[in-house]
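Single-structure report; data block below.
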Amino acid sequence: MAYRLPLTEQRYLKCVDYFKKAIENHDEKVKRSTPKPNTSTNQNIHALLRTRPLQPFEIDKGHCSVISQHGHRTYIHEPYFKVLSNPGIRSHAMDVDHSFGPEHDNQFVYDAISEQLNESIRSNGLITILAYGQTGSGKTFTITGLLDMIFSDILTTQNDGGFEIYCSSFEIFGNELKDLLDETSTVQIREAMTGQVNTTGCKEVKVASMEDYMLFKTNTETNRRTAKTLKNDHSSRSHAVYNLRICQNQENSANGGVIMLVDLAGSERNADSTAHDSQLIKETRITNTSLMVLKDCLRKAYERTLYPKKHVHIPYRSSKLTLLLKGVFSPEPDRLAKTYVIATLSPSIMDVSHSLNTARYAATIIETKKPLTKNNDKKKIASDGLFKNEKEETPLDISEQERENIVKA
């Protein structure tokens with residue numbers, strides 16, 4: 001049986017030229033305005049949005065981009081349809097620490113955070129970089145690109161500092177852990193009586209050259225769990241963790257700066273999993289559950305920054321992933337700790353609802369609205385996800401006959 005486009009997608013494609021024009025008009029108006037200053041007050045956790053370019057197959061199918069950037073703000077233009085009036089776009093303004101568009105390469109993204117990375121290396125700090133987003137939105141491309149930049153920077157530019165890099169990598173699938181450098185190893189994440197979280201049984205290798213790094217990278221990519229999904233032929237079904245321990249002396253010291261990069265498994269909508277077999281559906285549920293736990297912990301950590309005097313319980317023990325990231329939610333008081341959540345977005349009009357959810361996920365992490373008060377509507381807070389989401393509706397300039405044709409699609 002031939003695949004038939006869902007009704008909404010048929011309508012999207014019928015209106016794509018009108019949507020393009022409405023978005024262009026919106027962007028022209030925005031460009032004439034001064035970008036609003038970033039109001040984030042959370043200096044430990046930073047949210048970034050990165051939009052990939054349209055893929056060739058999306059262009060061939062007539063898709064258009066519904067995402068644009070202006071300063072640190074990202075606009076997601078959500079098409080809407082109404083029975084008694086013209087369809088239009090609902091432009092959502094997302095305020096985050098950094099917004100990267102399709103024109104920004106990995107070097108540009110790295111430059112935005114490299115200062116904090118260098119500070120961490122020199123002060124025995126902890127930097128965590130999380131890539132979150134829809135399957136096929138560019139998470140792995142971003143993480144591997146940042147890995148390339150980090151190793152190139154340390155091994156070539158800063159090699160006069162006498163740095164030594166020790167690397168390990170493993171994947172997390174539910175509560176299962178697998179060493180990506182040695183499949184015979186038994187990896188465990190445990191919390192000591194002191195509260196410190198340790199990873200044991202994971203093979204660690206010294207990387208002294210770019211050749212060593214390329215071997216490390218190849219081995220981890222080869223052993224990672226992937227599967228073919230509706231959105232991606234090689235979708236990552238696990239969370240991949242890259243742990244870089246960087247020492248400034250000739251001894252393999254337990255102390256040193258740590259950079260942890262986590263390529264989170266791709267999130268998927270239930271609608272995207274209808275074509276999956278039973279095993280893949282099960283894996284998707286496991287993945288989405290772990291991502292929801294992470295989201296809950298990030299929200300609680302965010303709430304703790306709003307109310308430092310209030311006791312806020314963060315359920316980081318609910319999953320292996322969040323237990324590993326305890327340092328993100330409860331950083332050590334005397335250690336520099338910075339976390340960057342890079343939410344990757346697909347610009348395609350067909351992925352607009354998923355991109356909107358991803359952006360909301362990231363925007364919950366930083367403070368972009370006034371602290372909550374007793375008079376605030378709790379239901380509204382829950383639905384908005386504690387973030388500022390400015391919306392503007394723009395009806396399309398089309399005739400009544402054209403609107404009727406769209407409604408009948």
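Glycine too: its Cβ is placed from the backbone N, Cα and C atoms.
Automatic, uncurated: that is what TrEMBL annotation is.
The ATP binding site annotation in TrEMBL covers Gly133, Gln134, Thr135, Gly136, Ser137, Gly138, Lys139, Thr140. Marked as domain 'Kinesin motor' by TrEMBL: 44-368.
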Cβ contacts within 10 Å for Gln134 (ATP binding site), all chains included, total 23
Go through Gly133, Gly136, Gly138, our binding-site residues, and report the one whose Cβ sees the most other Cβ atoms within 10 Å.
-> Gly133
If you count Cβ atoms within 10 Å of each one, which of the binding-site residues Thr135, Ser137, Thr140 comes out on top?
-> Ser137
If you draw a 10 Å sphere on the Cβ of Lys139 (ATP binding site), how many other Cβ atoms land inside?
-> 27
